[in-house]
């Protein structure tokens with residue numbers, strides 16, 4: 001059964017839209033945990049467009065579940081991670097012009113630069129996950145980097161038409177199986193919603209789903225604790241679809 005990591009970046013987005021002090025994402029992380037979140041995820045971007053350094057520092061002190069720090073593979077971010085010591089670091093690609101992360105990290109092309117970063121973090125006892133597309137070449141490179149975890153990019157599945165979703169789901173399912181065969185542990189995330197999460201949650205060996213925007217959007221109507229409860233219920237008990245043999249979207 002997959003666990004739920006709640007990404008609270010979008011709480012910080014609201015704050016930064018007015019360059020003010022509220023809403024503070026730190027107490028919202030506590031509410032997410034009260035709603036059943038198994039972990040809290042934040043992305044400290046190089047441009048600090050939403051989550052700020054003080055958020056990460058305070059979250060490290062207050063999160064009672066697990067703190068997953070998403071960050072670019074840069075020396076600055078590695079130093080921050082070593083100082084904060086989150087429960088996990090997820091290395092992700094970044095482009096300043098993007099609204100949100102647009103694809104997986106090209107580990108195969110960046111292996112020589114990523115490997116020493118992975119090694120340095122893991123030597124300090126910080127598990128490292130690499131956010132990648134479900135491609136064998138990338139997954140093999142992840143294994144070669146020394147990382148023990150991958151987070152499979154689900155954006156293409158989330159953006160696919162109804163007719164194309166089964167094919168995208170099969171690709172991610174095969175990627176998860178390949179990752180496990182390589183000795184990697186598997187998380188997934190990006191673009192998952194209340195409508196499409198169940199098939200991903202039903203993938204064998206899926207350990208954690210990191211979900212943010214849809215939960216924060218739902219929270220506007222029902223509150224964050226209830227929004228988290230609803231998402232966790234879908235992940236824990238995905239319904240089966242008799243047509244495709246996987247969970248209903």
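Every residue gets a Cβ built from N, Cα and C, even glycine.
Here is what Swiss-Prot records for this protein:
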type	residues	note
ACT_SITE	43	active site, proton acceptor
ACT_SITE	70	active site, proton acceptor
ACT_SITE	190	active site, proton donor
BINDING	7, 18, 191, 212, 213	3-amino-2-oxopropyl phosphate binding site
BINDING	9, 10, 45, 50, 100	1-deoxy-D-xylulose 5-phosphate binding site
SITE	151	site 'Transition state stabilizer'
So which recorded positions out of 50, 190, 212, 213 end up within 10 angstroms of residue 43 (active site, proton acceptor), measuring C-alpha to C-alpha? 50
Near residue 191 (3-amino-2-oxopropyl phosphate binding site), which residues of its own chain have a C-beta under 8 A away, given they sit six or more steps off in sequence? 154, 155, 157, 158, 159
Recorded positions (9, 70, 151), the one with most neighbouring Cβ atoms at 10 Å: 151
With the cut-off set at 10 Å between Cβ atoms, which of these recorded positions ends up with the most neighbours? Options: 45, 190, 213. 190
Given the recorded positions 10, 18, 43, 50, and counting only Cβ atoms in the protein chains shown, which has the most within 10 Å of its Cβ? 43
The largest Cα to Cα distance in Å among the residues 7, 18, 191, 212, 213, listed in the record as binding 3-amino-2-oxopropyl phosphate, is 25
For residue 213 (3-amino-2-oxopropyl phosphate binding site), the three-state class that DSSP assigns: helix
Expressed to the nearest Å, what is the distance separating residue 9 (1-deoxy-D-xylulose 5-phosphate binding site) and residue 212 (3-amino-2-oxopropyl phosphate binding site) at their Cα atoms? 7
What same-chain residues, at least 6 away in sequence, bring their CB to under 8 Å of the CB of residue 212 (3-amino-2-oxopropyl phosphate binding site)? 6, 7, 8, 9, 10, 41
